[in-house]
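One structure below.
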Amino acid sequence: SIFTVLILTLLVLLTVATFLWNLLVLATILRVKAFHRVPHNLVASTAVSDVLVAALVMPLSLVKELSAGRRWRLGRELCLVWVCFDVLCCTASIWNVTAIALDRYWSITRQLQYTLLARRRISNLMIALTWLLSAAISLAPLLGWGETYSPEQERCQVSQDPAYTIVSTGGAFYLPLCVVLFVYWKIYKASKFHMGGRRRNAVVPMPEAAQVKEASQDPQMVFTARHAAITFQTDGETWREQKEKKAALMVGILIGVFVLCWIPFFITELISPLCSCNIPPVWKSIFLWLGYSNSFFNPLIYTAFNKNYNNAFKNLFVKQR
């Protein structure tokens with residue numbers, strides 16, 4: 001039908017756009033030396049996982065969608081490879097988002113302790129743990145924990161063993177979900193605390209002789225020396241407050257999109273094996289592709305809140321021309 005053709009066209013465009021957009025972010029980080037530092041290494045790790053989702057996972061999922069009855073006709077070996085990369089890349093993408101949120105949180109709340117050296121070490125450690133945990137969850141079925149392929153029914157899916165379902169969904173989604181929600185709450189609280197503290201600070205009124213002209217809208221600081229005493233008055237938001245508000249907004253959008261994209265899939269993924277519920281295949285496909293779309297939105301959110309990426313994209317295309 002025309003509706004089916006439109007849906008498949010949309011999925012193809014989503015796959016291609018996800019691959020190209022994340023590849024562009026990755027190429028920009030590799031070519032621009034200013035991006036060879038934290039937090040761009042976390043963004044690069046996320047882009048790698050999302051590129052692999054678009055290159056190795058989404059095309060085979062599309063082939064499965066095109067087959068009659070959504071059956072798997074590509075054999076056992078390719079089924080195992082597809083499921084393994086599906087769990088590996090999607091879990092790594094989710095945990096990379098969590099690592100970015102943690103990095104933003106520590107950079108705001110622990111500015112003195114979270115130095116450049118400590119930030120580099122911690123970010124590299126988070127990247128290593130992200131991929132090790134993702135590999136452990138994805139390789140468990142290959143080592144005998146549940147079955148992913150059924151030749152009689154021509155079915156290929158993530159292991160439906162109840163114990164593996166609890167461990168995999170908890171480690172791949174519910175644990176990072178708790179972390180990012182806690183982190184966002186702390187970032188929001190810290191941002192409100194600093195802004196409230198600035199408003200509570202009393203500013204000494206300045207004498208009429210030392211009054212300045214009407215203040216502009218931009219943040220500024222005016223110093224007045226009088227009888228060996230220095231007073232100051234501030235107007236507008238400080239640079240730190242602007243940075244905290246921007247970080248809170250970026251992390252909030254990142255987490256919001258992450259939750260909206262993945263929570264329907266992981267709720268059904270957890271409930272279905274435990275209660276033996278028969279969820280219609282069309283809804284499973286919708287929830288799965290909604291989760292895949294998170295790999296498309298991630299680079300859009302990063303670049304939208306960082307003008308350096310937009311400038312780097314323009315310079316990259318100008319040099320190519």
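Cβ atoms here come from the backbone N, Cα and C positions, even for glycine.
Annotated in TrEMBL:
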type: TRANSMEM; residues: 6-30; note: transmembrane segment
type: DOMAIN; residues: 21-302; note: domain 'G-protein coupled receptors family 1 profile'
type: TRANSMEM; residues: 42-60; note: transmembrane segment
type: TRANSMEM; residues: 80-102; note: transmembrane segment
type: TRANSMEM; residues: 122-143; note: transmembrane segment
type: TRANSMEM; residues: 163-185; note: transmembrane segment
type: TRANSMEM; residues: 247-267; note: transmembrane segment
type: TRANSMEM; residues: 287-305; note: transmembrane segment
So, do the transmembrane segment (163-185) and the transmembrane segment (80-102) meet, by the test of 3 or more Cβ pairs under 8 Å (sequence gap 6 or more)?
yes
Rounded mean pLDDT for the residues that make up the domain 'G-protein coupled receptors family 1 profile' (21-302):
81
